[in-house]
């Protein structure tokens with residue numbers, strides 16, 4: 001519990017720090033009158049109940065936040081997602097349930113019940129914390145995380161309406177908080193299966209029938225790839241979709257299959273099952289949309305981890321993948337225990353190096369390629385790809401083009417209309433890297449970076465692009481970001497930047513007494529549900 005007092009304000013909230021109805025924000029500057037809708041955010045913010053506390057960044061209870069913009073006026077509302085696990089914990093004034101890095105037993109459960117809950121897994125053995133992202137799908141809103149459990153939420157109260165478990169419909173054990181929405185409104189979802197031969201799965205989810213009991217009742221696996229690791233499976237938080245391929249990242253941050261299977265009987269947690277395969281390559285696996293099978297080519301990048309892809313697209317027989325690249329990220333899970341996390345924040349460091357904006361370029365046509373020759377023929381990039389194994393299963397070593405002088409960046413975003421298409425601009429945040437607190441705009445054509453400094457008393461959330469209604473250019477619109485106060489006496493706010501110039505046009509500041517929780521990801525919608 002002591003470590004919670006050392007964390008920034010946005011990670012040290014309790015269940016009284018929320019409101020039942022929206023409050024007015026003070027607007028300064030000029031919020032465009034065409035900007036009407038809601039910015040929803042999701043993240044961990046509450047880590048303690050009574051005398052008990054979670055000990056890892058991933059385990060805080062979901063805090064949902066909503067900025068509503070109406071003709072230049074702004075209101076704010078926040079709520080802790082009222083899951084069954086949370087309600088039970090509140091009833092006992094102590095945490096009850098399983099998390100990523102810790103488990104709290106039910107004090108009312110008999111000793112026999114406690115024994116069998118450890119010896120015999122009780123499916124679905126899934127954490128109820130959908131605390132990472134907000135998904136709009138089929139005119140409904142959902143809170144999601146990297147488990148197969150999803151909560152439908154009420155748009156106004158941000159309370160639970162229903163829940164669904166994706167693994168009831170397709171054979172997966174982990175899900176994704178970053179599905180891709182296609183032009184027809186359907187989803188491409190990603191799921192991990194602990195069977196090494198069916199590890200990585202792309203899932204098509206059509207728009208649900210209004211009478212369907214679950215939005216995932218029509219889900220179907222459409223592409224699969226096996227794990228290269230004999231006894232573990234790569235953890236992947238994000239994936240890419242292009243015209244002809246699904247892009248899966250097989251990373252050196254893996255989960256032990258044996259440890260996961262025996263986790264309950266050994267009294268261990270999910271975090272204990274992660275393996276830091278430092279020095280192992282970051283592999284790009286391309287899965288054909290047409291066949292559902294993986295291409296025989298392996299594209300091997302340097303060691304490192306990608307949590308967030310900005311975009312993937314095809315261009316002149318190359319596949320481009322832009323991402324936030326973390327060279328030392330295979331040890332990141334251990335660095336996110338709250339005690340270590342707090343110590344690193346005070347030192348102004350992530351603890352495991354920094355993230356770069358990186359562009360990986362994968363050549364798609366390699367017939368006749370000779371080892372040692374750079375196969376990247378696209379202009380205007382320093383990324384390279386060299387054939388190192390010439391066989392029926394070729395291996396190509398890829399080195400990204402990086403923007404290291406502008407580090408660190410996380411959670412890169414684009415204009416969503418360009419998902420899977422060639423884009424020019426990306427927007428990113430430093431997130432909780434307090435010593436370089438800022439937002440960035442990357443011009444990938446001119447190789448220029450514009451920044452907007454936030455200051456040392458705040459951290460910026462995800463940079464969300466919203467286009468003008470009559471936009472004709474890719475960056476014709478605004479960028480929104482929730483800006484969280486790090487300490488008491490400092491006010492949190494919503495910043496609105498002109499996406500073209502990356503200059504502030506307005507902000508909406510909250511009353512000082514309101515604590516804004518940590519927002520991992522945000523989503524803007526102009527719909528009224």
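A Cβ is built for glycine as well, from the same backbone N, Cα and C atoms used for every other residue.
Worth saying up front: this structure is predicted, and the values here are computed from it rather than measured.
The Cβ of residue 308 (Fe cation binding site) lies under 8 Å from the Cβ of 178, 237, 238, 323, 324, 410, 411, 412, each of these being in the same chain and 6 or more residues away along the sequence. In three-state terms derived from DSSP, residue 308 (Fe cation binding site) belongs to an extended strand segment. Annotation source TrEMBL lists Fe cation binding site at 178, 237, 308, 521.
Other Cβ atoms within 10 Å of the Cβ of residue 237 (Fe cation binding site) number 19 in total over all chains.
Shown in sequence order, 132, 133, 176, 177, 238, 307, 309, 411, 520 are the same-chain residues outside 178, 237, 308, 521 whose Cβ sits within 8 Å of the Cβ centre of the Fe cation site. DSSP assigns residue 521 (Fe cation binding site) to a strand segment in the three-state reduction.
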